[in-house]
Amino acid sequence: MKAVVIGSGSWGSGLAQVLADNHVDVTIWGKDEHEIADIRDHHRNEKYFPEVELNHDIKATNDIAVVKDADIIILSVPTIAIEDVCRLITPQLTKKTIIVNTSKGFHPETNERMSCVIRENIPAQYLSSVVSLIGPSHAEEVVLRMLTTICAVSLNEADAKTVQHLFSNQYLRVYRGNDEVGSEIGVAIKNAIAVASGILSGIGYGDNTKAALITRGLAEMIRYGTAMGGRLETFMGLTGMGDLIVTCTSVHSRNFQAGYQIGKENSAKDFWEHNTKTVEGVRTAKVIHDIAKEKQIDMPIVDEVYKVLYENKEPLESARDLMSRELKPEIN
Ligand SMILES: NC(=O)c1ccc[n+]([C@@H]2O[C@H](COP(=O)([O-])OP(=O)(O)OC[C@H]3O[C@@H](n4cnc5c(N)ncnc54)[C@H](O)[C@@H]3O)[C@@H](O)[C@H]2O)c1
Ligand SMILES: O=P(O)(O)OC[C@H](O)CO
């Protein structure tokens, strides 16, 4: 089995190391020459993990021809780049391949889920199926081989099983699922809620606030996700509640960190001017806000994140407005 990881960032490096640990022949392809040279020559990815020595069996290249005879291709780039990398690899493909999606969010213009974007851009003769490998997993912990569980979600059970077995080991346990809609929506929405969690922490609120945010954030995820066709039980699992918890509570989360800065400064201005990191929740908040408005789905937390990010609303005012809404029963 030959695997190629597209993307030499934090998650691409983390997943390549899992495969190398599992004795799979794995190469990382990246467009960033410095990241590739660092992995290839020094077995490090200093930009993301300054202290970590990666598995020496990971190969790395800038040459996209590496995907030619791959059995499995793992896409580990931000959602805005998924269509580009599909177009880049397609002319190289010579046989049916499993494409693994690991990105969390929606297409930048069409707002489609990642599996749909991949199916639209990789011709059927080269695509066995799309499997999304998603769940609560910070790369910073996976590279240190800390115990982690994720889910291989696909409409093709055989390919989901292949991915499950390929990635599972003593520190990474991979479950299997087939609710593509629910899982992809769950891991996308959790990023927008994690921005809210960071904002509230940045303001200075404590654990009661975080528990409230996670619980009511889950209610919004379920309301939106089931309206879009996801199954209720999916949102109680790794790609729903699991990923929501880790992203809302972890210092590693870039979505949480972005929100924290915004909450501390009581403004998103500085974030917009200086952010260079992958913060998927920022665009996701806009997508969910726009679609929920059109479909009349009540999403008060996501709406306030949207207003802070895109309408210059002060986070303190947003928190006050959330607390002073009409009083309601808990289950709705
Ligand atoms: N980092 C994590 O812990 C983690 C965990 C699970 C899922 N994810 C998801 O994985 C996706 C990738 O995130 P990441 O954390 O690896 O981001 P990152 O910022 O660490 O790395 C992104 C990589 O993609 C490359 N890239 C960007 N645009 C590109 C393009 N057009 N063509 C080719 N390469 C391009 C960059 O050079 C960089 O190497 C995101 O959707 C994220 O939500 C991340
Ligand atoms: O760093 P974040 O906020 O993009 O989160 C990374 C992963 O999605 C956590 O599961």
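Note that Cβ sites are derived from N, Cα and C of the backbone, with glycine treated the same way.
Going by TrEMBL, these are the annotated features:
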{"type": "BINDING", "residues": "G7, S8, G9, S10, W11, G12, A139, R254, K277", "note": "NAD(+) binding site"}
{"type": "BINDING", "residues": "K104, G135, S137, K190, D243, S253, R254, N255", "note": "sn-glycerol 3-phosphate binding site"}
{"type": "BINDING", "residues": "K104, R254, N255", "note": "substrate binding site"}
{"type": "DOMAIN", "residues": "179-317", "note": "domain 'Glycerol-3-phosphate dehydrogenase NAD-dependent C-terminal'"}
{"type": "ACT_SITE", "residues": "K190", "note": "active site, proton acceptor"}
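Shown on the structure are the features that TrEMBL records.
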| residue | record | DSSP (3 states) |
| --- | --- | --- |
| G7 | NAD(+) binding site | coil |
| K104 | sn-glycerol 3-phosphate binding site | coil |
| G135 | sn-glycerol 3-phosphate binding site | coil |
| S253 | sn-glycerol 3-phosphate binding site | coil |
| K277 | NAD(+) binding site | coil |
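Checking the binding-site residues S137, A139, K190, R254, N255 against ligand 2, the ones with a C-beta less than 6 Å from an atom of that molecule are S137, R254, N255. Of all the binding-site residues given, namely G7, G9, W11, K277, none has its Cα within 10 Å of the Cα of S253 (sn-glycerol 3-phosphate binding site). In the domain 'Glycerol-3-phosphate dehydrogenase NAD-dependent C-terminal' (179-317), the DSSP tally of helix, strand and coil residues is 110 helix, 0 strand, 29 coil.
Within 10 Å of its Cβ, the residue among the binding-site residues G7, G9, G135 with the fewest other Cβ atoms is G9. Summary for the binding-site residues S137, S253, N255: the Cβ-based neighbour count within 10 Å is maximal at N255. Listed in sequence order, R254, Q257, A258 are the same-chain residues at least 6 apart in sequence whose CB falls under 8 Å from the CB of K277 (NAD(+) binding site).
For W11 (NAD(+) binding site), applying a Cβ distance below 8 Å and a minimum sequence separation of six or more within one chain yields S76, T102, A139. Taking CA atoms as the reference points, S137 (sn-glycerol 3-phosphate binding site) and G7 (NAD(+) binding site) are 17 Å apart. The binding-site residues near ligand 1, defined by a Cβ under 6 Å from one of its atoms, do not include any of G135, K190, D243, R254, N255. For the pair K104 (sn-glycerol 3-phosphate binding site) and G9 (NAD(+) binding site), the C-alpha distance works out to 15 angstrom. Using a 10 Å radius centred on the Cβ of R254 (sn-glycerol 3-phosphate binding site) and all shown protein chains, the other Cβ atoms total 22. Sequence-distant neighbours of D243 (sn-glycerol 3-phosphate binding site): residues of the same chain at least 6 apart with a C-beta under 8 Å from its C-beta are K104, I134, G135, P136, G186, V187, K190. Between the CA atoms of N255 (sn-glycerol 3-phosphate binding site) and G7 (NAD(+) binding site) there is a gap of 20 Å.
Residue environment of A139 (NAD(+) binding site) contains 21 other Cβ atoms, counted within 10 Å of its Cβ in all protein chains. Of all the binding-site residues listed (K104, K190), K104 has the fewest other CB atoms within 10 A of its CB.
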